[in-house]
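Peer 1: Sharing the record's features from TrEMBL:
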REPEAT    276-308  repeat 'ANK'
REPEAT    309-341  repeat 'ANK'
REPEAT    342-363  repeat 'ANK'
REPEAT    376-408  repeat 'ANK'
REPEAT    409-441  repeat 'ANK'
REPEAT    442-474  repeat 'ANK'
REPEAT    475-507  repeat 'ANK'
REPEAT    574-606  repeat 'ANK'
REPEAT    640-672  repeat 'ANK'
REPEAT    706-738  repeat 'ANK'
REPEAT    739-771  repeat 'ANK'
REPEAT    772-804  repeat 'ANK'
Amino acid sequence: MPIQSTNESRAVSISRPSSIKLPPMSAVNYPIYNHQSDGNSGFLRAARAGNLEKVLEYLRSSIDINTSNANGLNALHLASKEGHVNIVQELLSRGANVNAATKKGNTALHIASLAGQEEVVKLLVQYNANINCQSQNGFSPLYMAAQENHIEVVKFLLANGANQSLATEDGFTPLAVSLQQGHDKVVAILLENDSKGSKVRLPALHIAAKKNDTKAAALLLQGESQPDLNYKEGGFVNCTTKSGFTPLHIAAHYGNLEVAQLLIARGADVNYAASQNITPLHVASKWGKDNIVKLLLEKGAQIDAKTKDGLTPLHCAARSGHDQVVDLLLESGAPFGAKTKNGLSALHMAAQGDHVDAARILLYYKSTLVDDVSSDYLSALHVASHCGNFNVAKLLCERRADVNAKALNGFSCLHIACKKNRLKLVELLIANDADVEARTESGLTSLHVASFVGSHEIVIYLLQHGANIDSNTVRGETPLHLAARNNQIDIVQTLLNYGATVDAKAKEAQTCLHLATRLGNIEIVSLLLKANAFVDSETKDGYSSLHIAAKEGHEEIASLLIDHAANLNLFTKRNFSALHICSKYGNIKVANLLLQKGASPDIQGKNDLTPLHCAVHYNHSNIALLLLQHGASPHVTARNGYTPLHIAAKKNVLDIAEMLLEYNANTNAQSTGGFTPLHLSCQDGHSDMTYLLLANHADPNIASKCHLTPLHLCAQEDRVKCAEALVSKQADINAQTLSGYTSLHVACHFGQINMVRYLLKLGANVNIETNLMFTPLHSAAQQGHVMIVKLLLENGASPNKTNK
């Protein structure tokens, strides 16, 4: 390997490590006087000696700053070699050529790196020295620093873009020379740097294991006593990554036998458990490295070791399909019945990956494994059916696996194959006597499953092999229901072609037409209607398909249903028509369609409510306007006597109230209890609504059947702003109920001090008596409203009044 000398007059090329003899740095001669004038020689001597004052004197005399001796060494080279940072700085700042090369092609950076002058190296790089410049023999600055074991220089060069892959003319890299020289720390740095850019940064020994570099590994292990290396319990040979993997894990992963043998010989723990309790044997088994598996077993690796999920090495090998490793592990006594935490055996793993040879070997060692089940009662055949792994499934059937075994939820292998649309598996299972009518816990047959997921070829195959087309689930659903529910148009058509009952009812009396309407699938709705589905069939709650279309806002479907003679005036069990439902849910397009097709805008449903009542209650102003435009009456009353304006007043929907008033709604219409919209707006404190009603001729003194005026309700609820609106329209502040109560009585009784103050300010009669001779003071005192009692007394209430 070539070793770069510091003497520019020669480069020593040595092929055998034992013959390396580097000249001491002090023995290097610089023939400064060759072919130089006295001035130039003096300048070079001053730079080499570190005499800044002399160097400056020469520079002021206009000497060529890049002048060099016969070997091409200039002042920058010489100052860099000796580590004279101040002179290097001065030369560079005055324009010295940072990349000037000697006769051998060495730059100042080469020379500083070889000499280990870290500060000079940093300064040269700062001035854009070419960090990957190569000399005549291909030496780079990094190579020179690595050769001489200058650790900090190596780190700095790597951090600043030095390419460690650059090789000399003889093909040697910085890593090669540091290995030959035995510089273990530099080897470690170069190996770790070599892993940059990969997803996982590995320590040096791990990289050596990955590359099967036994020489590097041996050198690193020799240096394990050094304090900056990565120690873990059990010695440096068992040092770990962040995930807990040792170098032996890495060697096992890549099948690097030589380095694995070295690591074990140096004390590597063959049973070291990394993250998730993964041992080297797990790793070697997973990756099919049978040479490592043999070595580890010979060295005492625990063959039944389990990961945190309960995986043994046999599980790992079977899952990856490494049949040779499976055979080796079984021959060595691996427990073939071992289960993971989920109860999965190695056979389950082989079935998952369709590894038929691994499965065959497992069954050869123990044929009873064929029906072994997991915690969820899944057999290997269930797994193969799920994954569509025909080869393993065929092998299992040949070994007489139970094709009708059921998992925990009652799913058979056939159910699973249908769910995953595995036609070849379905054919295989039925050929091996799988029951096409087997049911899950919820009553699903394979035809239900295939219909739901849309496995068209499987649906036809099942029907051709005797599947019951109208089989019911626990919920009473047929395959046609499930196909409709999941928008499987082709399946619906096929089932209808094969004679499925179109009006079959599930629980709650839902037909397929109900389902398709709710989901908005007009194609399925059309298919069902063409198959003579009963258009007015009702659910348990009395909903027809038209009701459902109205609720969901499916205008096209509603139109199609009406074209097939759907009854516009059918009521649900709660006495709502399709138009009521549109009005409730704000579906204006369907509402408009129904009105155009002749639905009555004043049809009365539950509690005699009209669609207009519903639209107002749910604040759908657009539908309210549509209904009014189609002749809906704003005067129709519900069972409690409420008109739509009552509801608008109570809900405080001003825009709808204005709309109703434009259509001549009666502001003084009274409910069965005699309450007007004005009563309701005052009671709930809707002052804007109150002003609107009063502006449209609402009577401020209108009384209910018990002679409660709107002002009484303001007093009860402390609605001062509404009271002000009433008083502005001459409301009678002393109006009395049938029992003789005034608004002041009511405010005092309920402790509404703001209303008491307001009424007293207006001159309300403070001593007025009820039929039983109760004054407002009696009411306040009886209820314990001390502040109001005091206020009344201050305003002339008589404390000596007696009642009956």
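Each residue, glycine too, has its Cβ placed from N, Cα and C.
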Peer 1: Give the nonlocal contacts of the repeat 'ANK' (376-408) in its own chain as ranges (CB under 8 Å, at least six residues past its ends).
Peer 2: 342-345, 347-348, 350-356, 359-360, 363, 367, 369-370, 414, 416-417, 420, 422, 424-425, 428-429, 432-435, 438, 440
Peer 1: So what's the mean pLDDT when you look at the repeat 'ANK' (442-474)?
Peer 2: 98
Peer 1: Using a Cβ-Cβ cut-off of under 8 Å, list the residues of the same chain that are 6+ residues beyond the ends of the repeat 'ANK' (309-341) and lie near it.
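Peer 2: Residues packing against the repeat 'ANK' (309-341) from afar: 276, 279, 281-290, 293-294, 297, 303, 347, 349-350, 352-355, 357-362, 365-366, 369, 372, 374.
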Peer 1: With Cβ-Cβ distances below 8 Å as the criterion, list the same-chain residues six or more beyond the ends of the repeat 'ANK' (739-771) that contact it, or say none.
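Peer 2: Distant contacts of the repeat 'ANK' (739-771): 706, 709, 711-712, 714-720, 723-724, 727, 733, 777, 779-780, 782-783, 785, 787-788, 791-792, 795-798, 801, 803.
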Peer 1: Let me spell it out: take the repeat 'ANK' (574-606), skip the flanking residues so only those 6+ beyond its ends count, and list any with a Cβ under 8 Å from a Cβ in it.
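Peer 2: For the repeat 'ANK' (574-606), the far contacts come to 541-542, 544, 546-547, 549-555, 558-559, 562, 568, 612, 614-615, 617-618, 620, 622-623, 626-627, 630-633, 636.
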